[in-house]
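What follows is a set of notes on a single structure, which appears directly below.
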Amino acid sequence: PLKPETSTAEPKRSKVEIFKEQSNFIRYPLNEEIYTDTPNINEASTQLIKFHGSYQQYNRDERGTRSYSFMLRTKNPGGKVPNQLYLTMDDLADQFGIGTLRLTTRQTFQLHGVLKKDLKTVMSTIIRNMGSTLGACGDLNRNVLAPAAPFMTKEYKFAQETAENIAALLTPQSGFYYDVWVDGEKFMTSEPPEVVKARNDNSHGTNFPDSPEPIYGTQFLPRKFKIAVTVPTDNSVDILTNDIGVVVVFDEDGEPQGFNIYVGGGMGRTHRQETTFPRLGEPLGYVPKGDILYAIKAIVATQRDHGRRDDRKYSRMKYLISSWGIEKFRNVVEQYYGKKFKPFHELPEWEFKSYLGWHEQGDGALFCGLHVDNGRIGGKMKKTLREVIEKYNLNVRITPNQNLILCDIRSAWRRPITTVLAQAGLLHPRYVDPLNLTAMACPAFPLCPLAITEAERGIPDILKRVRAVFEKVGLKYSESIVIRVTGCPNGCARPYMAELGLVGDGPNSYQIWLGGTPNQTQLARTFMNKVKVQDLEKVFEPLFYYWKRKRQPKESFGDFTTRMGFEKLHELVDKWEGPVQSPVRYNLKPFADKETYEAMEELAKLQNKSPHQLAMEVIRNFVAAQQNGKSE
């Protein structure tokens, strides 16, 4: 007998797929749950509220009854934050949050600690003040990255405009967000006609014709979906870590011609499941300028219809491309796109750009990039930023490295702004330890439900210890490596691209990843598992010692670890007995008398440093403070 064409068995689906299906386009039961008396919401609503830009959390430092709260994440394509929205977020953090704002690695704000009873007030306030949290989390297109620098060049403006158009194209259309938070009042901004046209176009079967969600349908995407746009050479956006990486291609006159498209990047993985892995985006092809929205939509439709929906560990597009191979993936995308992709255009080398310090925008105004440790704005820094942003009516931008850019500053304001910021610890980047400038950590404890160990709270100490090892093995203060720390393997701070990545894999323990590059173009690999936080020096010392002695001219730490090979490095770590002490060349004796030395020794002990290290630090900070006061 002939086998029937289709099997009768329903394909296996994850629980979240069923919640989505039964939710009336992401409304029910959340629209009822937010009004109940309990401090938390039920399981289905916990999944659905993500699409609205929020996660339910509880304080994991506290034992006993769980104290629930909600984290809200905004959506800011290219990191753009209008003045009014910044001031609103600043107020909300004090009134309804934990008094801090968190800048994220996807150019958005996170507002922690909002209670359920305040959710509607906070959400509607954000919506009424030029903000949105729609789709900042959940199984759909998340915030679209673009270089945050407010350069007024054709290239940068075009990349940022493209990011905004892609974000608009993939914004949910069924109104669930406004129904739940502002009782159905519409706050839709006017969209460029080309976006509306591309969204409604169904000439290649990309759309659900009669659905309130023409692209997403009832089931949305299998999993989160991340897109970044940039210009050649500018890898401030970690372009290869996204589901889709879009690079604008220009002619000699800086006129945009089209786009190179990378696909299949993604960071998340699960410990000790080798079938899950971080992956770099790979070239899909080139499309002419007018086709970008159609090409993006074709890629999204391919993932929507073919990505796995049975096991969320394998639902990201990187696993689809991994199992199909890029050729088959390209063929399927081309069916939805209705055209063939052209070959990739040659691109120059990537560079990581931080945009810290003062720069010309190109329109007569200046911008100032501020380093914010781990993106956490609180205390005096928060108060001062608010004063400056309010007084000078500045717009701001958030960078993918958790930093903040103040835009549109007149040159006459430069000196007063510099002075005020320096007093709040927001220093010119040359006065910040170079290790801190490129380091990143995710929030992890106490609020992230996924954290296995510390990240944001642990990284200040880890960076100080790395600096101490640098000094011990004779590396210069100006030398630096990219360090990223996450509390779990999901990889929000993109640790798998770092030269030294620490990924939480147990209480107070980390998996160590090595081999990323300073320009974020190479994937790191697992070097060691379950290294206790107190034993990190046993690994760092030999690695940095041999990097100092055996590196080639200008060789970065990541490139060095790759060239040496992990087998050799393991051997060096295993045999390590401490650096060979060489006499110090320039002997700066900061201690003229015994009392000072002994006092310093006491203080140094408390900080796990030598008196000399502490003295050098104090001198360095003093010099920096003096220079900061009078320069600029």
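The backbone N, Cα and C atoms fix where each Cβ goes, glycine too.
As written in TrEMBL, here are the features:
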| type | residues | note |
| --- | --- | --- |
| DOMAIN | 69-124 | domain 'Nitrite/Sulfite reductase ferredoxin-like' |
| DOMAIN | 165-341 | domain 'Nitrite/sulphite reductase 4Fe-4S' |
| DOMAIN | 359-411 | domain 'Nitrite/Sulfite reductase ferredoxin-like' |
| DOMAIN | 438-575 | domain 'Nitrite/sulphite reductase 4Fe-4S' |
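Residue counts for the domain 'Nitrite/Sulfite reductase ferredoxin-like' (359-411) under DSSP (helix as H, G, I; strand as E, B; rest coil) come to 17 helix, 18 strand, 18 coil.
Between the domain 'Nitrite/sulphite reductase 4Fe-4S' (438-575) and the stretches 69-124, 165-341, 359-411, it is 165-341 that has the most C-beta pairs under 8 angstroms. Averaged over the domain 'Nitrite/Sulfite reductase ferredoxin-like' (69-124), the predicted model reaches a pLDDT of 98. Per DSSP, the domain 'Nitrite/sulphite reductase 4Fe-4S' (438-575) is made up of 55 helix, 27 strand, 56 coil.
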